Amino acid sequence: MKHSYFISDLHLSETQPELTALFVDFMQNLAPQAERLYILGDLFDFWIGDDEQSALIQQVKDLIKFVSDQGVQCYFQHGNRDFLIGERFSKETGAQLLPDYQLITLYDKKILLCHGDTLCIDDEAYQQFRRRVHQKWLQRLFLCLPLKVRVIIAEKIRAKSNQDKQAKSQEIMDVNQAFTAEKVQEFGVNLLIHGHTHREAIHQQEEFTRIVLGDWRKNYASILKMDESGEFGFIKD
């Protein structure tokens, strides 16, 4: 039966090879069988520009290109850790870049896709930070810096982010329910798929269904499968 996959929040890095191994297994065995593959952000733990080169980055790009070459339509939506992924990455992998909110039609279902961080409006400090770093002039300035400097800046931002999370309540870091409902209504859908919060779940709400993709962990890959009958669910080992 025809089907498609949705994943997010892998946070791939050289320090967690077990996550890379899970991704390799998925991309070599499951992904090539799909019609579409949607990666909804935070594929990498951080991204400092398309000009960065490493064995891990090349391996990931090669895997996406391999799946794309099998005829699978691959899509990438920016996360809060890898929002600087650009056109060079897209060309090298065959993955189409999507905007912050993307409306798709899949198996006769209208679906709204987003990474999920834009729905967490109660975290005002993060939203202010997000608005700053998404300014195009600031991104251009950052990308002009030497790679070594960008790495230092990215590591400091990541450390600060991890520190801040310890002081924030779980409620603040989750989606705002009212705002999320407004977005769903704005796009005229009854199905929303997002990641970011790392709280894998399928929320059957009164007027719409909200599917939250989970983060990938040492022994678990959060993979949502949707088939042509319209059925969906997370793949369980």
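Using the three backbone atoms N, Cα and C, a Cβ is placed for every residue, glycine included.
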Same Mn(2+) 1 site per Swiss-Prot - residue from Asp42, Asp50, Asp164, Asp227 joining Asp9, His11, His198: Asp42
Same-site Mn(2+) 2 binder from His3, His115, given that Swiss-Prot records Asp42, Asn80, His196: His115
Fewest other Cβ within 10 angstroms of its own Cβ, chosen from the binding-site residues His11, Arg81, His115: His11
Lowest local Cβ density among Asp9, Asp42, Asp123, which the record lists as binding-site residues, within 10 Å: Asp123
Beyond the site residues Asp42, Asn80, His115, His196: chain residues whose C-beta lies within 8 Å of the centroid, for Mn(2+) 2: Ser8, Asp9, Leu40, Gly41, His78, Gly79, Arg81, Gly116, Asp117, Gly195
Asn80, Ser161 as binding-site residues, winner by CB count within 10 A: Asn80
Under 8 Å by Cβ from His198 (Mn(2+) 1 binding site), same chain, sequence gap 6 or more: Asp9, Gly214, Asp215
Distance, Lys165 (substrate binding site) to His115 (Mn(2+) 2 binding site) (CA atoms, angstrom): 18
